[in-house]
Amino acid sequence: MTLASQIATQLLDIKAVYLKPEDPFTWASGIKSPIYTDNRVTLSYPKTRDLIENGFVETIRAHFPEVEVIAGTATAGIPHGAIIADKMTLPFVYIRSKPKDHGAGNQIEGRVLKGQKMVIIEDLISTGGSVLDAAAAASREGADVLGVVAIFTYELPKASQNFKEAGIKLITLSNYTELIAVAKLQGYITNDGLHLLKKFKEDQVNWQQ
């Protein structure tokens, strides 16, 4: 079983992911979605957490061997990033969504050296907007952002476009395609449900029609 498949299995088992193609969720953007993901739940399950953190470390070593600092996005990327940095014996910082409105007004907490090679950790990629904002903030502080590594992606076309335009490499430990395949195999969804989930990936607006 691949890492992507193992993580998809765990996310379903611990109910970090819910699939309801016949009774969709409403995202903050207003989009009706057959999937809801809360990867923060993974922190409460040591087996799942260990699988994810080791997957992060292996992926970073394989794709970004020159990394010098790990950054986590606030708030979901912070615990994962801190554990990864500890496992890799690397410095850790975290990046706020916007600068503090008091004190020194920091957006990045921790010390980033000019030219320091950084990998940013995120838990979930939908369109990628928030983590790309974090990458831009890190670049302004002088970091050399090598890429973003995340637990899971919805594989939305908008995300691919955004990362391409930003010139930032994205790698995820698991993904939507893998998850719905595992969900069907393990009886979480019906054939009709799988069909709807595949349609959502192709067209997030008209998939129910």
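Using the three backbone atoms N, Cα and C, a Cβ is placed for every residue, glycine included.
In Swiss-Prot this protein carries:
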- Arg96, Lys100, His102, Glu122, Asp123, Leu124, Ile125, Ser126, Thr127, Gly128, Gly129, Ser130: 5-phospho-alpha-D-ribose 1-diphosphate binding site (BINDING)
- Ser126: orotate binding site (BINDING)
Rounded to a whole number, how many Å is the Cα of the residue listed as 'orotate binding site' away from the Cα of Arg96 (5-phospho-alpha-D-ribose 1-diphosphate binding site)? 18
Min neighbour Cβ count (10 Å) across binding-site residues Ser126, Thr127 flags Thr127
Have a look around Asp123 (5-phospho-alpha-D-ribose 1-diphosphate binding site) and count the other CB atoms within 10 A of its CB, chains all included. 25
Gly129 (5-phospho-alpha-D-ribose 1-diphosphate binding site), number of other Cβ atoms within 10 Å: 13
DSSP on Gly129 (5-phospho-alpha-D-ribose 1-diphosphate binding site), three-state: which is it? helix
